[in-house]
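Data first, discussion second: the structure below is written as structure tokens.
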Amino acid sequence: MKIDGHTRLAAVIAKPIKHSISPFIHNLAYDLTEINAVYVAWEIDREDLQQSIENIRRYDMLGANISMPYKQEVLQYLDGIDQSAQLIDSVNTIVNQNGSLIGYNTDGYGFFRSLPDFDVKDKTITVLGAGGAASAIIGQAAIEGAAKIHAFDRSLILEQTKVKIDQLASRVGQDIFLHSVEDEEALKTSIAQSALVVNATGVGMDGKSLPIPSQFVFPEHILVADLTYNPAETPFLRLAREQGLQTTNGFGMLFHQAKKAFELMTGKTMPSEEVWASLLEEIKK
Ligand code: NAP
């Protein structure tokens, strides 16, 4: 695509962000859909966040993605937020709607779209971890009508997490049952009731660690997901696969949150198959 006087800009804003795969996804999608735009990564310090957000309007950008550590802080600089961002209290996508900056959160949406043949409506789910990604999944599960949601965090920080989880529960209008991950009985009971268990702790990125006991036996027919995609199979997923269960890593979530963000910013549908195939190649490099 030729850059000219009409080229629009989009960016991912975070720190650190130079390693991000988002520019690859969005620029490829612009090319394939013939959108005259360029997507770049802005690694900025906290004191430059407000100005950076104002620049989206100032330079008539398509919008921006927001990543760690600015997903909450950015809320105060926006003109409006949609239901997902409001419930989750976190924004990962800003759309410039004719000079109005509207915040969305496509992380939880992307996660549920990435699951094979799974509808969370009326299902019980267990989420390991209670950080940003876990909150996005919990919020989206509530939006999509989950029956019951269990969350597990380390007992060390459980009191602190409880305040945050109670606030999330009151926003989504649903009980969220918070337990300590060291409580093996609660872990067993919650997972036994669940149709889906998600590792949103990041534990296993080293290829060695597990967020649950290594002898843990999953119930039959549960779907086991991990948000990590590098390594492609964490020890958590390996344990589940060895028990004959269906597993899914975080690669699909990465793709689907970007797809939704692209569609919100451009109003066009992302050519999924082509982008997915190229992304698989790119990630192997
Ligand atoms: P985060 O905000 O740091 O959350 C991690 C949470 O897990 C924290 O609540 C943490 O507690 C808790 N935790 C850590 N070790 C634990 C353990 N052994 N047992 C139970 N809980 C534990 O990070 P995040 O942004 O949510 O990201 C979490 C993971 O998801 C990362 O691996 C990230 O790369 C991945 N992710 C993937 C995608 C994707 O598109 N695939 C998108 C977003 C995130 P403490 O506060 O005590 O550490």
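Cβ from N, Cα, C; glycine included.
Residues or ranges marked as domain 'Shikimate dehydrogenase substrate binding N-terminal' by TrEMBL: 12-94.
The shikimate binding site annotation in TrEMBL covers Ser20, Ile21, Ser22, Ser67, Asn92, Asp107, Tyr229, Gln257. A sphere of 10 angstroms centred on the C-beta of Ile21 (shikimate binding site) encloses 15 other C-beta atoms. Mapped onto three states, the DSSP output places Ile21 (shikimate binding site) in coil.
According to TrEMBL, the active site, proton acceptor annotation covers Lys71. In the three-state DSSP classification, Lys71 (active site, proton acceptor) falls within coil. Shown in sequence order, Ser90, Val91, Asn92, Asn105, Gly132 are the residues of the chain, 6+ apart in sequence, with a C-beta less than 8 angstroms from the C-beta of Lys71 (active site, proton acceptor).
Neighbour list (Gly131 (NADP(+) binding site), Cβ cut-off 8 Å, at least 6 residues apart, same chain): Ala200, Thr201, Gly202. According to TrEMBL, the feature NADP(+) binding site maps to Gly129, Ala130, Gly131, Gly132, Ala133, Leu227, Gly250.
According to TrEMBL, the feature domain 'SDH C-terminal' maps to 250-280. As a summary of secondary structure, the domain 'SDH C-terminal' (250-280) carries 25 helix, 0 strand, 6 coil according to DSSP.
The DSSP secondary structure for Ala133 (NADP(+) binding site) is helix. Only Gly132 of the recorded positions listed as Ser20, Lys71, Gly132 bring a Cβ under 6 Å of any atom of ligand 1; the order follows the sequence.
Residues Ser20, Ile21, Ser22, Ser67, Asn92, Asp107, Tyr229, Gln257 are listed as the shikimate binders, and the farthest two of them sit 19 Å apart at their Cα atoms.
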